[in-house]
Amino acid sequence: PPEWPPGSPQALQQPGRARVAMAALVWLLAGASMSSLNKWIFTVHGFGRPLLLSALHMLVAALACHRGARRPMPGGTRCRVLLLSLTFGTSMACGNVGLRAVPLDLAQLVTTTTPLFTLALSALLLGRRHHPLQLAAMGPLCLGAACSLAGEFRTPPTGCGFLLAATCLRGLKSVQQSALLQEDRLDAVTLLYATSLPSFCLLAGAALVLEAGVTPPPAAGDSRLWACILLSCLLSVLYNLASFSLLALTSALTVHVLGNLTVVGNLVLSRLLFGSRLSALSYMGIALTLSGMFLYHNCEFVASWAARRGLWRRDQLSKGL
């Protein structure tokens, strides 16, 4: 039910369900496609430069958002954007390095723990309160991730370390983005443009130092590889714009809980493209993760149902963020 009476100024400011649904659909499809395509680039084409790929993502994002970005930006906001750029670039680099080292299915399963980090950071840094059932939903979410990881743990520790670092940084990045979008009233295009240039400089410098001479450069005439890289960059722009829009309409925690749906899609793609096979424990973990997502997104409905049956006191009903 709406929080404000229909027609009131507060109700007019509430995001429409159609906008949220469209942003979420684009974000889920772009995210699943980009992860699978990046793994295809690393595995099938043998592209051994994940930092360079991350830098190209940021360069294309800066070019795509150049004309639509608002300028100038207040000094205090600019400092927060630079901090976000550092988190953004580092998380992207760690994610792609880990994705290159581990199977796609395991890489996606590691990301299911992101909501827990996001919840803790949003409470500590932003002081946000959450519905008790949203807190309870973290149990099956994290237990499902643990079961999935236990069933599929067959990767070198280095790859898992990068993935776990990317997961923690992704939660921090979303909290920073949410604050800039909702409190500083930046739009998605402006924020993506402002963070892309510093992130590109960071990633390009890291690629020049760490990846020079490590692997042979890709052949200039390999049109399929460059077509895949270009498509990956375009998907990255679409994914980030949809992600920023969804953060502006909802919250950082909601985005990452919803993002666990991409795990299911990427597990299917991993089976189709790379022949990965999941264990029974992993399937049980996926079921627990999806049940936790249902509880998180339908906490008011579950609480109302429990209150009607005397299992939940009505004075415990509160709106979560």
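Heads up, the Cβ atoms here are built off N, Cα and C, so glycines get one too.
TrEMBL lists 19-296 with the feature domain 'Sugar phosphate transporter'. Summed and averaged per residue, pLDDT over the domain 'Sugar phosphate transporter' (19-296) gives 79.
Residues or ranges marked as transmembrane segment by TrEMBL: 20-41 (among others).
If you look at the transmembrane segment (81-100), the same-chain residues 6 or more away from its ends with a CB under 8 A from one of its CBs are 35, 38-39, 42, 48, 50-51, 53-54, 57-58, 73, 107, 110, 159-163, 165-166, 169-170, 172-173, 176-177, 180, 191, 194-200, 202-203, 206. Summarising the annotation, TrEMBL assigns transmembrane segment to 81-100 (among others).
For 106-126 (among others), the entry in TrEMBL reads transmembrane segment.
Sequence-remote contacts of a segment are chain residues at least 6 beyond its ends whose Cβ falls under 8 Å from one of its Cβ atoms, and for the transmembrane segment (191-212) they are 48-49, 51-52, 54-55, 58-59, 61-62, 65-66, 68-69, 73, 78, 81-82, 84-86, 88-90, 92-93, 177, 180-181, 237, 240-241, 244. For 191-212 (among others), the entry in TrEMBL reads transmembrane segment.
Residues 26-27, 30-31, 33-34, 37-38, 40-41, 45, 47, 53, 56-57, 59-61, 64-65, 188-189, 192, 218 of the same chain sit 6 or more residues outside the transmembrane segment (224-241) yet have a Cβ under 8 Å from a Cβ within it. Per TrEMBL, the feature transmembrane segment maps to 224-241 (among others).
The feature transmembrane segment is assigned by TrEMBL to 253-274 (among others).
Sequence annotations record features per position, and here TrEMBL assigns transmembrane segment to 280-299 (among others).
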